[in-house]
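Worksheet: one structure, shown below.
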């Protein structure tokens, strides 16, 4: 058996060097381990009995650790009446150690102030409750002041909280658990994670600045708040929520307005967001001494302690925080909607830019984007000045130079656009004329594939128009979906559908059984009725049955819900009257999904002539010359002459000028060359006479026997003129009478 001070052994070393630290060594046989009483930062805590050399027994606390790090080293350097006393170390089983300290009979301050014993303590001791508050606050401040200013090395506790302050049998506060503490050899130390969320300072949460003694000052303010309110700080919030409230929103613990000014100011000075603005422990200790010496303030604080304002103020703060959370959630959702709209807008703009690089073949269909890209391409060959090209592009958009305007531009117009160099204007005018000439030359000569496509489109439209009656009746149905997220939050969206008034109203010749075939586009606009501002981006969708606005809208029913929805229905080209229908409704309740309105609409349809055929003048396509030197695919609806259309149609279908295909014409010619009988019976009562084809012998002279007879019988000037002549005016073959004909070998 040995005393705590007589026997010393080497048990640990510092983290930064090989310097060996000596701790009082207590024999394991002298220690009897008792019940488990708590958990420290890096080990479990047990009660126990220590047999002293004189045979007496002492109740102790044993903290079991795996490695002797900073805690034992720090405890061996400090000794103060308000800091737990360190006795030494004891070797446990294996490589474990026991840190032996004094035992606090009343447990932690946290357990005491939240127990029934705390409620009866003031009355049983004969004093007032605020006297106890000031006494405990002074004792804790005295211990922290010793660590900061009077110890061998400046020590930052870093985990000061009511659970790390214990009470002995005389209800004296003692600071314990130095597992996360650090020596402060300079003005600050590097930040590292340690502590408990509700008691942590902003700089420890963010780990953005070096830690100073001001970190413990923040935690001390929270402990003082616990003693006064007897409430758990940030009780209903998660650690992440606490970190966000402190660092991002700057929300500190609630202090009732009825709190006396000196006490309120003391806690506020501990919770400054900037560490250097906080009070130090010496200033806090002095303020507590002045507070205890002012009886008037003490009476005022005692009266305040009897009120229930803490709970009321905490509940009020919770409501404000919840409202702030909902506002942040709304803002987040709005930002997501805006981000989605921005991405959609960027996607559309990119599509416009891509479309500008591939303009339609019809120059009259060009937009400012197509014109701008075309002009930039042409001018880019003669000028490499980007600023110049940007100015010209801006002028094109400012003056709305579309394809139709581009074809009619002059050199003066180009100069007005900012093309001041003569060479650039000449080159641009040359390309504009070439563009116009190409457009004009190809105006009536579309490709066969394009002409066929246009004719088929027109044929389909005419057939569809002829299949419906002149007038039809449909019903437009506007409604809304509602989803209940929780007691107060709702999500909703609107929809539009259509149907025939009655099943008997469906046109008999209609191929489509759906009334939505008469609707082209449906647009939704949702506005706040109170502010008249849009809640989300207006959305349009092509009708293919039932349509809805794409995004869900989230609102809180606690607010005054008053939403205006505008549904605009645009009809297909086949509908002549009305061209569109608008449904406006105001929604004041979001309890359930429902139909807002059923609007009956009478539609008048366009009809086409039944005698219309494909040969009706149809639009054709004129390719456009592009500065890149190739033709683009596109459509331009113009009209060509019937002769040209007939020629292109025959060429497309493979027919010749006789109205026959090449195959039919070849077959007929073959039949004519083949000998056949004079008569061929096709039917019993029908006889077709086919003349017998005989091959006549070709004559080599025009004064043959047959010719002479013919000329004798018909000696007219016309017959003489019909005689065959060769070049030079003489007969093809002319032999003298009596001479033999020439022989051909």
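Just so you know, glycine gets a Cβ as well, placed from its N, Cα and C.
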* Asked: Do you know which of 215-260, 261-306, 307-352 Swiss-Prot annotates as coiled coil?
  -> 307-352
* Taking the Cβ of residue 45 (ATP binding site) as the reference point, list residues of the same chain whose Cβ is under 8 angstroms away and which are at least six residues distant in sequence. => 36, 37, 38, 39, 61, 62, 63, 64
* To do: Take every residue in the domain 'SAM' (366-438), average their pLDDT values, and give the whole-number result.
  => 89
* **Reduced DSSP assignment, residue 45 (ATP binding site)** => strand
* Among the binding-site residues 37, 39, whose Cβ has the fewest other Cβ atoms within 10 Å? -> 39
* Asked: Including all protein chains displayed, how many Cβ atoms other than that of residue 159 (active site, proton acceptor) lie within 10 Å of its Cβ?
  -> 23
